Amino acid sequence: MESVFGRVRNETSERGKYGLVSVKAGKLQRKPGTNILQADHRKGVIYMQMASDELLHFYWKERARVSREVEDDYIIFPEEAEFIKIDECTTGRVYALKFKSSSQIHFYWMQEYSDEKDKETASLINQLIADPVNTTRTINSHNNSSSRGTDDSSTSQLLQLFGAASQDALQDFNWEVLSPTAEAPAILPRFPNVNESANMYRASSESNLNGPHATAGENGEDHEEATASPLDENIDYTHSRTLELLEQLQPLILNETTFVEPFSIDRESHRVITHPRVYPKIFPHSPSDLLRISGRAELSENRDFFKHLSSLMEAVAKPESESLREICNLSLEQVQSASGAELFLHALYDRLVNEGVIVISHITQEGSDGEVEEEGDVEMRESNEKDE
């Protein structure tokens, strides 16, 4: 019993330490000289607090014990902003604080183990922004009740007080988590080139994406510089010329039983072969489970897979596929060579990375079998474990 009540007191104390609502999260900042957003590797925390003047503050600080400095401090007026999930990022759980009245948008990657906690915290943040005074009173009342020893400290129960415990209450947002991100060793999200990316928003030439720079004004107020362009509903962030050409290639792929000589499937080829937006186009006659749940070693020894790969390469060699070969910088002779399949898969990988369809983070961690796994392998393994 003591451990149960001790846990409740610890959770309540943690909430008090970091304000009304808090969530472990890191920041995303622009890589100098590029239009690539990269994850700040530091452990951090987002939290919100109502000041004595009843102004709502959105904070971010490093979560180190020795760190007390607040790096991000934004004053938010009622309904002035929203905290939304960025579904275009498929290698991590990324949220953005987007201001409705300006071009400000600040990106954060979540460091909690539970994606459900992300959703609940985001809902509370949006409740605070919409109605800071009443929501603050409700949260404080709930925390006071928890501190007296009642075991009702979960955020989901707190959400029920606002009638927002279900997904229906969040229908304006898509909270689907494609690849859960755990705390360090973490899978850090990375956004490719902004001009072609499916995972980043275009910025104007005047925009500065180096991260938020807040300076204190004479009256103690914080003034933030606009750091990124607002979301534009007219822009198709998922556009990919390569996917368009693969769509045109699909009818040319016949369900034949020819066979190519097996070869070892490397990491880059495996990411192309198993990507959910790619494999239905290049392997239309292959059972989806064959690709979705197969590791590199399994595919390298699967004769049925290489039959489907042979059908793909015969389609790539057809005259109608000249445009696809051109953007992959491959000649017909290269495609028809003994190593043509490997060359084509590697060329596809490079194209899809440049267009933002495949997102890489260059973060590695050791798998259960001792083999070093890159982010893509971890993402696929976690997906498979969920399915099982």
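Cβ coordinates come from backbone N, Cα and C, glycine included.
Pulled from Swiss-Prot, these are the features on record:
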type     : residues : note
DOMAIN   : 15-132   : domain 'Pru'
REGION   : 202-227  : region 'Disordered'
REGION   : 368-388  : region 'Disordered'
COMPBIAS : 368-377  : compositional bias 'Acidic residues'
COMPBIAS : 378-388  : compositional bias 'Basic and acidic residues'
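Taking DSSP states H, G and I as helix and E and B as strand, the domain 'Pru' (15-132) has 20 helix, 51 strand, 47 coil. On the 0 to 100 pLDDT scale, the domain 'Pru' (15-132) averages 82 in this prediction.
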